[in-house]
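Some features that Swiss-Prot has for this protein:
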- His13, His15, Lys99, Asp247: Zn(2+) 1 binding site (BINDING)
- His15, Leu16, Arg17, Asn41, His136, His251, Ala263: substrate binding site (BINDING)
- Lys99, His136, His174: Zn(2+) 2 binding site (BINDING)
- Lys99: N6-carboxylysine (MOD_RES)
- Asp247: active site (ACT_SITE)
Amino acid sequence: MDTLTLPRPDDWHLHLRDGALMQAVAPQAAAVFSRAIIMPNLQPPVTTVEQAAAYRQRILGALPAGSTFEPLMTLYLTDKTSPEEIVRAAASGFVHAVKLYPAGATTHSDAGVTDLLLCYDALAAMEEQGLPLLIHGERTGPELDIFERETAFIDDVLQPLLDRHPRLKVVLEHVTTAVGAELVTGDDPRLAGTFTPQHLLYNRNDLLVGGLKPHYYCMPILKREADREALLEAATSGHPRVFLGTDSAPHPRGAKESACGCAGCYTAPIALSLYAEAFEAAGALERLADFAGRNGPAFYGLPVNPETVTLERAPLEVPASYPGGDEPVVPLRAGESLAWRLHQP
């Protein structure tokens with residue numbers, strides 16, 4: 001197979017940041033994706049419908065003339081999120097989900113949830129409104145090994161949450177473990193999972209062996225090879241509730257290449273090429289169209305994009321960096337050649 005045509009894809013987990021960085025990276029994502037679930041972890045976080053509306057307008061204002069890219073907005077769940085705000089979000093027409101960051105789990109998560117029991121009424125309202133909860137599934141705390149955070153979260157937080165809220169739709173985002181992969185490919189119709197290109201392609205050796213590679217560093221951190229294999233099997237299985245979510249997370253080069261580097265891999269401009277590489281390695285290229293273009297809309301109750309794109313087997317030279325406003329952004333696989341690229345008519 002030398003070409004693959006699929007519905008124009010959506011990204012169900014995307015960071016666009018704000019300010020000059022957003023002005024630079026939003027057009028790069030819009031060139032690849034039709035829609036994207038936009039993460040709310042700004043400073044300050046997007047916690048109200050009013051803030052989400054303003055952020056949406058800033059994103060739309062950063063797009064080139066004629067762009068049809070649609071930002072699907074989210075709210076940042078806090079201990080104080082009210083049921084009334086959830087009702088307003090569901091009625092807005094542009095807020096499509098609420099994001100759970102456990103406090104301290106990742107970039108700009110300090111305002112995150114400290115105890116889900118404090119969010120009981122908001123989560124109950126989400127059940128009533130059919131608004132999905134998107135989860136950064138890591139437990140935090142000094143006693144937890146960083147490589148065990150996801151499995152601890154599933155056992156100690158996620159399962160009790162699902163039991164307490166039997167009608168709540170949940171997306172376990174950026175699944176990184178075999179335990180998580182098994183969970184989201186189970187029989188629970190409320191539960192879906194997104195998979196990033198880096199977690200399908202790489203393990204923790206790729207991050208650490210032969211020198212620390214800051215542009216492979218993300219949260220949740222890359223795991224064991226056995227986990228990567230389980231993720232790839234799940235993502236390429238054809239299961240209807242697994243779909244594309246890059247977690248593309250731009251940081252200025254200096255914030256990554258430092259003594260205390262930020263977590264996040266920048267992949268949006270090359271994401272489809274990376275996913276094609278992973279799916280081809282699994283012998284499942286024919287399943288990429290559902291993963292990238294159909295499963296996500298089905299879970300969110302949205303139409304599949306009528307436009308199509310075509311991947312072709314031809315070298316794609318990844319640039320050393322992309323424009324990032326005040327400072328360049330270095331992508332994953334910078335300076336390397338990928339085997340698949342989007343066909344440019």
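Cβ atoms are placed via backbone N, Cα and C, with glycine included.
Worth saying up front: this structure is predicted, and the values here are computed from it rather than measured.
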Item to complete: Would you mind sorting out which of Arg17, Asn41, His174, Ala263 (the binding-site residues) have a C-alpha within 10 A of the one on Asp247 (Zn(2+) 1 binding site)?
Response: His174
Item to complete: Quick one: of His13, His15, Lys99, His174, which binding-site residues lie within 10 angstroms of Asn41 (substrate binding site), measuring between C-alpha atoms? Sequence order, please.
Response: His15, Lys99
Item to complete: To the nearest whole angstrom, state the Cα distance for the pair Leu16 (substrate binding site) and His174 (Zn(2+) 2 binding site).
Response: 17
Practice prompt. Using C-alpha atoms only, work out the spacing between Lys99 (Zn(2+) 1 binding site) and His251 (substrate binding site) and round it to an integer in Å.
Written response: 20
Worksheet item: Rounded to an integer, what is the Cα-Cα distance in Å between His13 (Zn(2+) 1 binding site) and His174 (Zn(2+) 2 binding site)?
Response: 8
Fill in: Rounded to the nearest Å - Cα separation of His251 (substrate binding site) and His174 (Zn(2+) 2 binding site)
18
Worksheet item: How long is the line from the C-alpha of His174 (Zn(2+) 2 binding site) to the C-alpha of Arg17 (substrate binding site), rounded to the nearest angstrom?
Response: 18
Item to complete: Would you list the other residues of this chain near Zn(2+) 1 - those whose C-beta lies within 8 angstroms of the C-beta centroid of His13, His15, Lys99, Asp247 - in sequence order?
Response: Leu14, Ile37, Met39, Asn41, Leu134, His136, Glu173, His174, Gly245, Ala249
